[in-house]
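Worksheet for the structure shown next.
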Amino acid sequence: MIKLKQTKGFWFSILFAFVLFTIVQIVIANAVINFYFVNMILTMGIYIILAVSLHLIIGITGQFSIGHAGFLAVGAYTSAVFTMKLGQPLWIGLIAGGLAAAIAGMLIGIPSLRLKGDYLAIATLGFGEIVRITFFNIDYIGGPSGMMVSQLTTWPWVFGCMLLTILVIRNFTNSTHGRACISVREDEIAADAMGINTTYYKVVAFLIGSFFAGVGGALWAHNFYIIQPSQFGFLKSFDILIFVVLGGLGSMSGAVIAAILLTLVSMLLTEYPETRMIIYSLILIFTMLYRPRGLLGTKEVTSLFTNRRNKKGGPKDGNTHTVA
Amino acid sequence: METHTPLLKVEQVGIRFGGLKAVANVNMKLYPGELVGLIGPNGAGKTTFFNMLTGVYVPTDGSIFFKGENLRKQPPYKITKKGISRTFQNIRLFEELSVIDNVKVAYHSLAKHTILSSILRLPNYFSGEKEMDERALEFLKLFNLDQYRDDKAKNLPYGQQRRLEIARALATNPELLLLDEPAAGMNPKETEQLMDLIAFIREKFNLTVLLIEHDMSLVMGVCERIYVLDHGQLIAHGTPEEIRNHPKVIEAYLGEEVS
């Protein structure tokens, strides 16, 4: 017999997702909120996709990649070419964008994942810049002035992709393959000694992460009428990185919450353009001061409900007395 | 000494880091079921030797045969799958993972469910994960660690962390277990428990064990044969009694006699 472990929580999540979707859909369809807020919600959804995809690479597998905007750009441009130049529908653009980004992820991942820590960060940063400059110089897609893209991204598309991203990455994480990735993050040498093919799992995490970044890029491209290489600079990579770090490295719900909160803060502050970046930065500084391990640490929101019953006796004080 | 074929045969193995000869010309034979000690002063190259056996370093000279198969240039994870497992001098647990998950990572190679079936939550994902969970729990019970199953590995007391690391290494189902200073930092009582544990796992899992140790009482008490390494060279090898009185060993540990 198959035992569904998270039955209750799972169905609750489905219900929650459905209710959330319906409410927002009704609100948008009845024009209760203006275009500006609709756009904010779509942006939020796209940022959640990007944050969760980077969470798999950095938070779960521990590979410090800061070239995520590169995958975003690959997804955005590929999908735009498919919809605008080749006249394909949006869903083909989404898949093509995801696949193109995944291929890019694999190409950059296989050689550079031998590098560790800072070196990997620099290599991925370089990759992001290479992508940007390459698009800058291709006339077919408009070069520096960019490419006009129709506004095709709608709430159902964003929500569907967001749900898919979260489900896939959650299911991956909660399996033996996810544990293999976490073991790479915790101690690569020990993971190797346990029979884990560490390179393989790093590439897999990169592949899945960059695929969803590409999907996010495709949605992005069809949300803002125009895409330009300058939108995908390294500052964009840092924006996504901040969601993951601020939410708590290793926590998916943390990344989601951080993406929502920071998008909200950033949007609300547009009314004060002269102080916007100062306040935004101050929020980041104070969050890291008071919650240095991120908003949720490594915990998930769901663990607040489920973990309580698992608690048993035994030492919980966390004293690791080193005798030596 | 047994006459049948050795489980592990090390021939003239050596490694250089640049100009530094860390280990040179080491020969060693381990027969199935033996418990062999490897001792030597600090910096003698013991851990480097372990790292060569497990594929972390590629030896620059010589060859290593496990069950008759040359291990040259095999990556660590493949060597583990062939049946050599190890613990580390400085404990290397997956600290943020729970105790049971640490063991489950070691079961990873046995998983029948693929990445795709995990993502799609196909029936074999549930059965595979459940089987792993049950096996890991059984395993923890064997080591009296089941009371800690949901605690993070980093929150275990030191002695239990050592115990978990040995349990995790055994979960990969090895034929040869390499223990790198398992008694480091332990008090005499814990060391005694460790000796019992080693005796227990040898019998239970039908293991061959190679042990690096500084604690002489432990080595002399449990090992059948001992190899002594000094400055990257094997200087002696024999029974504990022979090693205790070997002039070169005494010299390496206590310094040369003044004549």
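Placed from the backbone N, Cα and C atoms, the Cβ positions cover glycine too.
Fair warning: this is a prediction, and the values are worked out from it, not measured in the lab.
Record features, source TrEMBL:
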| type | residues | note |
| --- | --- | --- |
| TRANSMEM | A:9-29 | transmembrane segment |
| TRANSMEM | A:35-58 | transmembrane segment |
| TRANSMEM | A:65-84 | transmembrane segment |
| TRANSMEM | A:90-110 | transmembrane segment |
| TRANSMEM | A:117-135 | transmembrane segment |
| TRANSMEM | A:155-173 | transmembrane segment |
| TRANSMEM | A:200-220 | transmembrane segment |
| TRANSMEM | A:240-265 | transmembrane segment |
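Between the transmembrane segment (A:35-58) and the stretches A:65-84, A:90-110, A:117-135, A:155-173, Cβ pairs under 8 Å are most numerous for A:155-173.
Across the candidate stretches A:65-84, A:117-135, A:155-173, A:240-265, the maximum count of CB pairs under 8 A to the transmembrane segment (A:9-29) is reached by A:155-173. The listed stretches are A:90-110, A:155-173, A:200-220; of these, A:155-173 has the most Cβ pairs under 8 Å to the transmembrane segment (A:240-265).
Away from its own ends, the transmembrane segment (A:117-135) comes close to residues 63-70, 73-74, 77, 104, 108, 141, 229-230, 232-234, 237 of its chain (Cβ-Cβ under 8 Å, at least six residues beyond either end).
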